[in-house]
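Asks: My questions will all concern the structure given below.
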Amino acid sequence: MQKIKSLMTRQGLRSPQESVHDLSPIENLRFPTKEELRESWEEPTDPQAQQEIINSIEEVYFSNDAFDIVKYELERLPPVLSLQELEEYRDKLKQQQAAELERVTSLQNGLQLAAVICADGRRHLNIAKEGFTQTSLGLLANQRKRQLLIGLLKSLRTIKTLQRTDVRLSEMLEEEDYPGAIQLCLECQKAASTFKHYSCISELNSKLQDTLEQIEEQLDVALSKICKNFDINHYTKVQQAYRLLGKTQTAMDQLHMHFTQAIHNTVFQVVLGYVELCAGNTDTKFQKLQYKDLCTHITSDSYIPCLADLCKALWEVMLSYYRTMQWHENHDQDEAATVSSVSDGSSVVGTEENSFDRSYVKKKLEHGLSRIWQDVQLKVKTYLLGTDLSNFKYDDFIFVLDVISRLMQVGEEFCGSKSEVLQESIRKQSVNYFKTYHRTRLEELRMFLENETWELCPVKSSFDILQLHEFKFMVQSRSPSVSPSKQPASAISTTVTLFEQYCNGGNPFEIQADSKDDETEDVLASNGYESDEQEKSAYQEYDSDSDVPEELKRDYVDEQTGDAPMKSVSRETLRSRKKSDYSLNKGNAPILTNTTLNVVRLVGKYMQMMNILKPIAFDVIHFMSQLFDYYLYAVYTFFGRNDTFESTGLGLSSSRLRTTLNRIQESLIDLEVSADPTGTLTAAEERKEKVPSPHLSHLVVLTSGSSLYGLAERVVATESLVFLAEQFEFLQPHLDAVMPAAKKPFLQQFYSQTVSTANELRKPVYWIVAAKAIDYEQMLLLMANVKWDVKEIMSQHNVYVDSLLKEFEEFNRRLNEVSKRVRIPLIVSNILWEHCMRLANRTLVEGYANVKKCSNEGRALMQLDFQQFLMKLEKLTDIRPIPDKEFVETYIKAYYLTENDMERWIKEHREYSTKHLTNLVNVCLGSHINKKARQKLLAAIDDIDRPKR
């Protein structure tokens, strides 16, 4: 270590600090020339390598100025020195020293250069001091001129930008950025006013004004587009643009003009399109026609699609208006919320102005609702009345009514209007159509009735008119038909308006495919009874048991007292069924014909039309009543009219029924079809409202005794009329609900005087069967051959009683045969039996009245015969009491009355004819009445008969 230190001392090694201190002062330095400096700068060095060497120097060497480098290096030497390691370490230190010295040299060169620059600066400063006074004023002048030129350049650039603004404005208009275009134009006008001292600005101002007017025109066009297809973003831009222009109220006035024009243009284009499409290549210039004249060129085939498209197009216009109002309501609410949140006094004036504009817009929009709807009504009215719809198909006309009804619903939701214009126009068309339609249907009904064979139409026992397609519309309207689970949903759906439902898409006037084809009417049965074999056997057994001879009954009872066979039914069970409703009356299908079903369907169609268009309810109900009237009149004419039996005076046809039939004949039946057609116009018009009387089909035979003179056909006809009356009774609440209050007396009269008389038609219809089914004339002949002036009381009844009972047994057999073809309701069976028994009893009285001589024993024989007849008859029928039983008994017993009692009896019993009373008095002569008394009694009879003459 001592060797190394001494070696370093001898070599005169110094620290870098000492080397720096020994540098000569700057004054003694020789300034290098520019060439030397350039050469020193251009010497190639590797900065990266140099930096790596410097970085390898330990930081301890630079820690402080008092650091002893020699001591530090000596202390780092290892205890055992190696010459090779020392040399390597020395070389490393040399590299580090060389690198550091190079930096020092570089710093020295930099300092020398700085000294040269400073010297040059001092020299130039001295020169500047000498020249500053001469050039300073010139410099300031140039600077001022420069500033002025910069300002001029800025103005020229602004003017240039203003000149080129029209390009940007055109782009913004193409982009439909109307607020931005107006704002830019207004800013340009404001900027142009700043440079009005330039001569080119006046031309620019004129150009900007023209541009602003052009923007307003395009803005008006954009506003008109709202009328057919409302777009929120588009309308928001338009309103913002008008607000920038300060023309909010003007915009609203223009908007209503555009809506009015849109309605006119829309309907004209729709109708024109269909007219040109149907006209083909004709040369007619339809574009020049007025809308009213154009509507008359619509063909029947294109009428419905054109109407649908017309309503769809008008819906779009009204929907746009609705959405416009909705936009303003939402916008006003947003603005009100904004104003309430910002309470700045400086904006009070602007707020009041905006409030006034909003109030004006709101009133204008509300007033415009009725105006627009009125325009829509007038356009649709013109279209409706432009074509005669009287020859349209029913479904097509119902579709027209449905569309107009939907349109009126739109009007009510749109502005609360009752659509009087539409109602009146569609009422005219409906009445006109319905008269033609009803006239055709009446002619069809006459044709059906004249071709009707009165066969049973097999429908199911569960048949209900609501199952028919024509009455489907009633199912939705009846609350009981809606299940409780569906009621909340339906209630919610009813609160949603059409505008809310179709606000975001769709159209309420889209033609829906008729779903009727997808539905099936499950009303027809494979047979008329739709019952199982047990029910059929019970029904047939009942038929055969209800009115059979006593022998068959006795066998039947005997069977029941023994072992009952399988599927047998007790007589008590059958009788209880009979008392309830003639066996399967309730469980079986109703009795009706194809014609009846057609009338019911027709009534459904009439009600469907009435439901859609309530203003013509009275006309529809009046025509419905004519359908029932004609059906009733036809049944009476075919099966109930018989002047011979009407003259019996038994009151078969009630006064109400006769009044009804006379009214129908006078108001509905054309009795002059075969007469000379020449006559007054008034008579011809009246006859147009009438229908010829129907004629019974030649296929229906009413003269055959084996079929009980067409009893099956009579039952089907009469009971189908009763069924039809029941359906009218069922529909009465629905008809009453739509009938105008002023016309309700007509409906009440129709039900009380016409519908309720259907049951009364049974008597005259079945009376004819009862009058022909039993040979009453033969019974009179047999009674005439009986000797009544016998002297002893007889114990055996006369043969005419057995003959009459055989007639009843034969009647029962035929009735049973008929019941196999057609179910005979209990009430019909009872009426037939009542008629037969009443006629038989009256025939007995007639026979007794023909007796010339009769003794007391003969009267007793009459009582014996009648009691025998009653006893046997009561076994054939369950009807109690026997009709006209007292009529016979009273007449027989009157023989025994004294003079005074008989006179009183004659005055009290006016149900007997003059012949009956006269014969009674004559037979009693010589027995207990003398001639004087006879004259007195005959005079009393004459007094009673005189008012009848």
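The backbone N, Cα and C atoms fix where each Cβ goes, and this holds for glycine too.
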Asks: Swiss-Prot lists region 'Disordered' for one of the ranges 1-28, 29-56, 337-364; which is that range?
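Replies: Per Swiss-Prot, the stretch marked region 'Disordered' is 1-28.
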Asks: Give the range, chosen from 82-104, 795-817, 910-932, that Swiss-Prot lists as coiled coil.
Replies: 82-104
Asks: If you check Swiss-Prot, which stretch out of 198-226, 488-516, 633-661 is marked coiled coil?
Replies: 198-226
Asks: Which value does the mean pLDDT take for the coiled coil (198-226) in this predicted structure?
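Replies: PLDDT averaged over the stretch: 78.
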